[in-house]
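Written out below as structure tokens is the structure these notes cover.
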Amino acid sequence: MPLSLRLSPSPTALSPTTGGFGPSRKQCRIPYSGVPTTKIGFCSLDSRKRGDSSVVRCSLETVNVSVGQVTEVDKDTFWPIVKAAGEKLVVLDMYTQWCGPCKVIAPKYKALSEKYDDVVFLKLDCNPDNRPLAKELGIRVVPTFKILKDNKVVKEVTGAKYDDLVAAIETARSAASG
């Protein structure tokens with residue numbers, strides 16, 4: 001299905017330095033009626049003035065935010081998914097393939113994702129490709145669980161401590177609803 005795009009420049013979109021359009025990033029929500037998935041689209045407009053016409057580049061990316069399951073993320077998909085989760089609580093399991101305790105808690109973590117249908121559960125493999133994100137989030141040991149609300153870490157559990165993880169999720173859910 002072709003995409004038709006009509007742009008009319010607003011006075012605020014004009015760049016005073018170039019007399020044309022400056023690069024801008026627009027975010028738009030794309031409604032999706034599927035349950036239990038929410039989709040959000042990001043449209044980036046980068047326009048430049050060329051003579052009497054403007055060149056516009058637009059890209060659209062869809063991010064799925066699922067509840068009732070564990071979603072694998074990486075350094076490129078983590079923040080868009082957290083932002084798309086909106087007001088939902090997000091729990092991130094940071095693990096490695098070789099970690100014994102990570103393997104032990106993985107099925108319990110999956111069961112938690114099925115129990116809490118109002119929480120988004122994510123997994124991040126702390127491999128060399130994802131090291132920048134792991135460093136940004138301050139990981140020191142695996143597994144580490146980070147609980148986020150409104151794009152901010154509100155709780156952390158280090159180690160495969162199932163009871164501590166459940167207590168942290170319950171505390172964060174209570175704080176979010178109260």
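In case you wondered, yes, glycine gets a Cβ from its N, Cα and C as well.
As the structure is a computational prediction, the values presented were derived from the model and not from experiment.
The feature region 'Disordered' is assigned by Swiss-Prot to 1-22.
Sequence annotations record features per position, and here Swiss-Prot assigns compositional bias 'Polar residues' to 7-18.
Taken from Swiss-Prot, the feature disulfide bond applies to C99-C102. Sequence-distant contacts of C102 (disulfide bond), defined as residues of its own chain at least six apart whose C-beta falls under 8 angstroms from its C-beta, comprise D93, Y95, T96, V142, P143, A160.
Look at Swiss-Prot and you will find C99 (among others) tagged as active site, nucleophile. Annotation for C99 (disulfide bond): same-chain Cβ neighbours under 8 Å, separated by at least 6 residues, are V142, P143.
According to Swiss-Prot, the active site, nucleophile annotation covers C102 (among others), on the basis of similarity to another entry. Under the three-state DSSP scheme, C102 (disulfide bond) falls in the helix class.
Swiss-Prot lists C126 with the feature S-glutathionyl cysteine, giving experimental evidence as the kind of evidence. Annotation for C126 (S-glutathionyl cysteine): spatial neighbours M94, Y95, T96, A134, I139, V142, criterion Cβ-Cβ under 8 Å with sequence separation of six or more.
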